[in-house]
Amino acid sequence: MRVLGLETSCDETGVALYDSERGLLADALFSQIDLHRVYGGVVPELASRDHVKRMLPLIRQVLDESGCTPADIDAIAYTAGPGLVGALLVGASCAQAMAFAWGVPAVGVHHMEGHLLAPMLEEQPPRFPFVALLVSGGHTQLVRVDGIGRYQLLGESVDDAAGEAFDKTAKLIGLGYPGGPEIARLAELGTPGRFVFPRPMTDRPGLDFSFSGLKTFTLNTWQRCVEAGDDSEQTRCDIALAFQTAVVETLLIKCRRALKQTGLKNLVIAGGVSANQALRSGLEKMLGEMKGQVFYARPRFCTDNGAMIAYAGCQRLLAGQHDGPAISVQPRWPMESLPAV
């Protein structure tokens, strides 16, 4: 089965073609970072308009690169949520229109299920069951995964997601957008131990997260330095390192708890923040000590992309699931409500 996947949940337009027998045939992505950088964050209306502009050229590019034509497409998968409603509607409308015109089924995919299954595109994919850490700009969740659609939420952020905290913290100390890569870049130049930030909600039982207070702690630390006349680039680097270390160690502590609680040995990390090298290194060390294994997608499939949507959609289509012709999206959509495959 050849499935065309469309991703338009936020600020990246992703298109990919996945073959259930041959694997990924082609993928293309356009990032709107430059469009939104001047505003310091994503502007939903601009994101929607740019998706409209980019979608068809990217589809043509993927078809050309794969050597396929519309007649070779067996189905279309699209991100139906969660995400920005206008952006989601662009992808859903395009998918349903093409499905009608080409006479093929369409299926709406849960954005975070796409992220969760992205490591399945690698040469050594994880096997069920496992614990998944979904960590992105909009979500920070720990999930027990027993199969596709068989999800048990173990813990989640009660306020800011980790990726959101990275972006907001970067803005507070005068860094550019997107903030996550900027924080990581400066952290490499930071002085270890100059600042020590708290590890939120690690001194109590449970698997929930909270990063809002850490963001405030960072702001207060930066303001004290500025008032003391020390707003140097090195101070920014030292604060970036302290912040990143606090986030990473908080995630590590919670992941260790989740693995012990479930008795599982394998961990999947997915979402944009999973590209962070400090987090990857920490998890690899921790899982080595626990005689387990950590799995993640290649860096370009950690952020939003069409490949993960094409793959996730293909699994549901092969199980006989597909949508009717109505155009429907879900900006808020609990992943544990998905049907099992």
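These residue numbers are counts, starting from 1, taken along the chain as shown.
Every residue gets a Cβ built from N, Cα and C, even glycine.
Keep in mind that what you see is a predicted model, and the values were worked out from it rather than measured.
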> Which of Asn266, Asn276 shares the substrate site with Leu134, Val135, Ser136, Gly137, Gly138, Asp167, Gly180 per Swiss-Prot?
Replying inline: Asn276
>> Based on Swiss-Prot, name the residue from Asp238, Asp304 that is recorded for the same Fe cation site as His111, His115.
In response: Asp304
>> I'd like the Cβ neighbour count for His111 (Fe cation binding site), meaning other Cβ atoms within 10 Å of its Cβ, all protein chains included.
In response: 28
> Should any of the binding-site residues Gly137, Gly138, Asp167, Gly180, Asn276 have a Cα within 10 Å of the Cα of His115 (Fe cation binding site), which are they?
Replying inline: none
>> If the substrate binders are Leu134, Val135, Ser136, Gly137, Gly138, Asp167, Gly180, Asn276 per the record, what's the largest distance between their Cα atoms, in Å?
In response: 17
> If you draw a 10 Å sphere on the Cβ of Ser136 (substrate binding site), how many other Cβ atoms land inside?
Replying inline: 24
> Cα distance, His111 (Fe cation binding site) to Asp167 (substrate binding site), nearest Å?
Replying inline: 20
